[in-house]
Amino acid sequence: MALLEVDDLSVTFARRGQRAVRAVDGVSFSVDAGEVVGLVGESGCGKSVTSLAIMGLLPKQPGLRVGGKAVFDGSDLLQLDDRSRRDIRGRDIAMIFQDPLSSLNPVIPIGLQVTEVLTRHRGMRGDAAAKEAAQLLDRVGIPDPKRRLKEYPHQLSGGMRQRALIAMAVACQPRLLIADEPTTALDVTIQAQILELLKDLVRDSGTALVMITHDLGVVAGMCDSINVLYGGRVVETARRRPLFREPRHPYTVGLLGSVPRLDAGRGERLNPIPGSVRDLLPWPDGCAFAPRCTRRVDACVGEPPQLVLAHDGRSYRCVNPAPVPGLRPTEEIRETVPGEAEPGTVPAQAVPGDAPAVPGLGPAPSEEETP
Amino acid sequence: MIRFIVRRLLQLIPTLFGLSLLLFIWLRRLPGGPETAILGERGTPEMRAAIRQNLGLDEPILIQYGRFVRRLIRLDLGTSISTKREVTTEFLQRFPGTVELTITAMVIAIGIGIPLGYLAARRRGRLLDHLSVGGSLIGICIPVFFLAYILKAIFSENLGWFPSSGRQDPTIGATRITNFFVLDGLMTREWDAAADALWHLVLPGLALASIPLAIIVRITRASVLEVLNEDFVRTAEAKGLTENVVRRRHVLRNAMLPVATSIGLLTGGLLSGAVLTETVFAFSGIGAFLADSISQRDYPVLMGFIMIIAVVYVLVNLIVDLSYSLIDPRVRVR
Amino acid sequence: MTIISGKKREKIDRLAELAAREEERGVSLWQDAFRRLRRNPAAIVGAVILTIFVLVAVVGPFFVPYGPTDTMGIREGVVRVGQGLIPGHSAEHWLGYDHQGRDVFSRMVVGARQTLLVGVVSTLIGLSIGALIGGLAGAAAGLGGRWGRWVDATLMRFIDMLLAMPSLLLAVSIAALLGPSLTTVMIAVGMVSVPVFARLLRGSMIVQSHSDYVLAATSLGVRKSKIALTHVLPNSLAPVIVQATLTLATAIIEAAALSYLGLGNPDSAVPEWGVMLADAQPWLGIRPALAIYPAVAIIITALGFTLLGEAMREALDPKLRK
């Protein structure tokens with residue numbers, strides 16, 4: 001049995017007098033113990049909302065509806081009361097956020113922000129907690145941890161802040177770690193360091209990791225299996241190698257095609273996906289990606305495409321998937337995929353994150369605001 | 001920290017000199033000098049001139065000012081023309097009443113305003129929120145002296161719960177040490193005197209608190225709403241901290257930053273409101289005395305009082321700035 | 001030309017275009033704010049209150065049933081203050097008589113005009129002096145270099161001095177200087193709001209001076225005075241306009257306070273709500289309504305300005321824009 005089994009998760013925001021927005025629309029995926037799973041997609045595809053819904057961290061507001069199941073270790077997280085949810089958060093499931101500066105409390109020292117987790121979940125206080133906190137900072141590669149404990153977030157560099165956040169997340173050796181775009185706000189060289197750190201931590205402790213990103217370089221370097229999201233649904237699920245070698249869903253193909261490659265000739269153009277995340281078709285009317293799809297056929301519109309389970313355990317949601325002998329020779333793709341996130345090969349963002357935001361959240365689709 | 005305080009105090013000096021010079025020139029341009037106040041319309045020109053000469057008002061204004069400054073450096077503010085007593089003495093006798101009143105009002109405003117603003121933000125859109133937002137709007141719009149009258153009419157004249165005037169029941173015969181009546185009562189262990197003085201402070205304190213209370217409720221509410229949406233609150237929630245810890249350590253502390261700033265600014269307004277409230281409740285603070293001094297053209301009193309009030313105002317704001325740097329480590333005092 | 005670092009130069013390329021479109025953006029900002037204002041129920045309530053108030057103040061005095069100074073109650077012997085007799089509302093006198101036998105309703109309507117006049121004129125005084133000082137300081141601090149910082153510091157020390165004086169004391173001493181009259185009240189109340197406007201406009205202009213489009217305009221070689229007038233100032237005005245609306249409310253309340261202290265218009269031939277409220281204090285025991293009518297009128301009017309001002313602030317706040 002998987003550690004986390006997300007089944008048909010849906011999140012709807014309804015605002016008075018406006019059309020309800022379905023940010024997550026029947027997402028299903030599973031995470032095994034010790035596994036690294038990627039949730040990939042452009043800004044606004046619902047990946048952040050998915051993680052916040054699992055954690056029970058969506059801002060409480062009228063009109064918010066969360067449906068489906070998220071079974072962690074036998075209990076459905078979505079059905080838990082507030083008390084038990086707080087017991088699990090930070091102890092069994094921890095989370096790392098995108099912007100380390102705004103995610104740290106500016107007015108209390110780093111030390112307290114680390115020890116408060118230890119106090120809450122491991123009952124540690126005083127010197128014992130301070131000592132453990134220093135060890136945690138040391139473990140995530142913060143030099144001179146004793147001094148750093150007394151410092152405030154604004155005194156740390158961006159990379160250090162993210163390391164501090166990671167220290168807080170791994171303080172109780174959680175079984176599942178959710179990292180929501182943990183490197184997006186950082187410089188490229190720092191990105192690589194943070195990814196290495198995360199990789200080491202999960203390998204050493206056997207923690208499962210859900211990696212939320214729009215960055216295929218991150219995915220290629222870390223994930224065992226990958227779920228590609230579009231318009232609030234999982235459109236393709238595969239292990240890492242098959243996905244990069246033979247992407248089946250045209251959206252995955254498009255994402256891979258818009259990654260700049262070192263070996264491409266100077267004259268060769270990138271292949272961006274035309275249009276933006278806003279140009280989506282509501283799923284009940286057909287494939288949400290159809291308006292932007294290069295492989296669109298008549299069958300794409302009318303009813304939502306079925307999830308196809310392929311012979312090798314992969315699945316995709318497309319009526320006209322890319323043929324197996326890929327758009328390019330498979331050998332070439334394997335070589336150009338950035339490996340261990342070396343500087344210079346980390347791909348640029350697929351699409352700039354300009355989608356309007358649901359209040360208090362990361363970007364989410366909001367067709368209601370498109371004029 | 002020390003350097004910051006010293007620098008701020010040094011900055012105060014040119015401000016005070018500028019203020020005193022402006023005041024000096026301005027006050028002496030007021031039509032009708034103290035001689036008119038003393039003699040009325042009857043005095044002969046000779047008598048007037050004699051009084052002016054006696055008070056040193058016949059000399060050029062800059063020389064008068066120079067004398068004032070020389071005395072000021074020795075912390076001597078001169079003698080009141082109308083009461084013939086030292087300005088400092090007059091001040092020390094009256095100012096404690098105003099300070100007691102102002103502190104009472106601030107305690108009420110902060111003690112009710114911050115919790116109420118916080119609750120309103122947490123229950124956004126519910127009844128309590130609407131009530132406190134509506135109430136604070138009315139609190140801002142109601143003239144202080146009118147509110148004072150209403151409170152006095154209802155709670156003292158009709159219900160008889162509170163005394164209607166004064167600072168303390170004179171029949172108690174309390175001992176005076178500092179002229180802070182509550183403090184005196186506590187120091188001399190005359191508990192009934194302290195309680196009576198406190199009792200006299202309730203109604204004027206409430207009236208005076210109306211505007212700062214309304215403003216603090218609104219600022220706290222807005223600030224809490226903003227902080228609740230911050231990423232670090234989400235981080236705190238993600239750590240599984242109890243609601244209590246999230247609330248106190250992460251939400252309230254950050255939400256207090258704008259509130260702290262506003263408290264410093266509100267103090268100036270409070271001193272003005274105190275003048276009105278003191279008048280309604282016949283509360284012997286600086287208010288009525290200042291108003292009298294203006295009509296009497298009592299220059300030394302006016303100069304002295306306004307200068308001291310300016311210093312107090314600047315000091316209060318200095319304290320607020322310092323406390324600000326205690327709450328917010330990003331604000332470095334240099 | 002300023003020397004600009006490489007990083008900033010990149011920014012400029014991107015922003016030069018923005019600067020060119022600035023005017024257009026400004027218009028849409030106001031339109032946008034107005035659209036949001038119309039959707040805000042608080043703004044509607046405030047606007048309705050103010051429309052009625054202004055209408056009454058402007059047209060009302062032509063239609064009042066009695067002269068506001070006609071002491072008919074005394075003449076007819078209905079009002080006998082000595083015996084505690086001040087009749088309340090009746091079919092002829094909707095709000096009854098005051099202690100001098102005058103028709104309260106007529107006085108309230110005529111008083112609305114005076115109150116509006118006091119509010120508007122004193123706010124205009126505070127706004128124009130404050131904006132002049134604040135605008136100069138802001139422009140000097142934001143664009144003027146070393147000399148500008150000196151100008152700014154001097155002007156701000158002056159404002160600090162004004163701020164260090166309790167506002168009412170300031171008003172009282174101005175009133176004492178000029179003698180009690182309506183003009184005195186307007187000048188005194190206006191002077192009190194000078195530092196608020198000055199600080200607000202200065203702060204807002206300094207923020208704007210550091211924004212990207214000013215950098216872009218500077219790098220294109222636009223003269224500094226022109227930048228200050230055509231770019232910085234118009235974009236800094238929003239908070240000042242909001243503050244002016246809010247100040248109208250406090251001006252009316254403060255004018256009432258000055259009247260209460262006996263510094264208002266001594267000529268009771270021209271009724272004003274603050275004076276009426278102050279005059280009514282001795283009669284609270286006999287007929288509290290005499291105080292309640294003007295007090296409620298002041299509160300509601302101040303509420304109207306406050307509601308509208310707050311709604312404008314919300315509408316113009318970029319942080320709240322979604």
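Keep in mind that glycine also has a Cβ here, set from the backbone N, Cα and C atoms.
Quick look at what TrEMBL lists:
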type: TRANSMEM; residues: B:9-27; note: transmembrane segment
type: TRANSMEM; residues: B:101-121; note: transmembrane segment
type: TRANSMEM; residues: B:133-155; note: transmembrane segment
type: TRANSMEM; residues: B:197-217; note: transmembrane segment
type: TRANSMEM; residues: B:257-290; note: transmembrane segment
type: TRANSMEM; residues: B:302-327; note: transmembrane segment
Among the ranges B:101-121, B:197-217, B:257-290, B:302-327, the one whose Cβ pairs under 8 Å to the transmembrane segment (B:133-155) are most numerous:
B:197-217
Mind pulling out the one from B:101-121, B:197-217, B:257-290, B:302-327 with the most Cβ pairs under 8 angstroms to the transmembrane segment (B:9-27)?
B:302-327
Report, as numbers and ranges, which residues of the same chain sit near the transmembrane segment (B:302-327): CB under 8 Å and 6 or more residues beyond its ends.
1, 4-5, 8-9, 12, 15-16, 19-20, 23-24, 27, 68, 72, 77-78, 87-88, 91, 95, 253, 256-257, 260-261, 263-265, 267-268, 271, 286, 289-290, 293-294, 333
Where else in the chain does the transmembrane segment (B:101-121) make close Cβ contacts, counting only residues six or more beyond its ends and a cut-off under 8 Å?
128-129, 132-133, 201-202, 204-206, 208-209, 212-225, 228, 252, 255-256, 259, 263, 266-267, 270-271, 273-274, 277-278, 283, 285
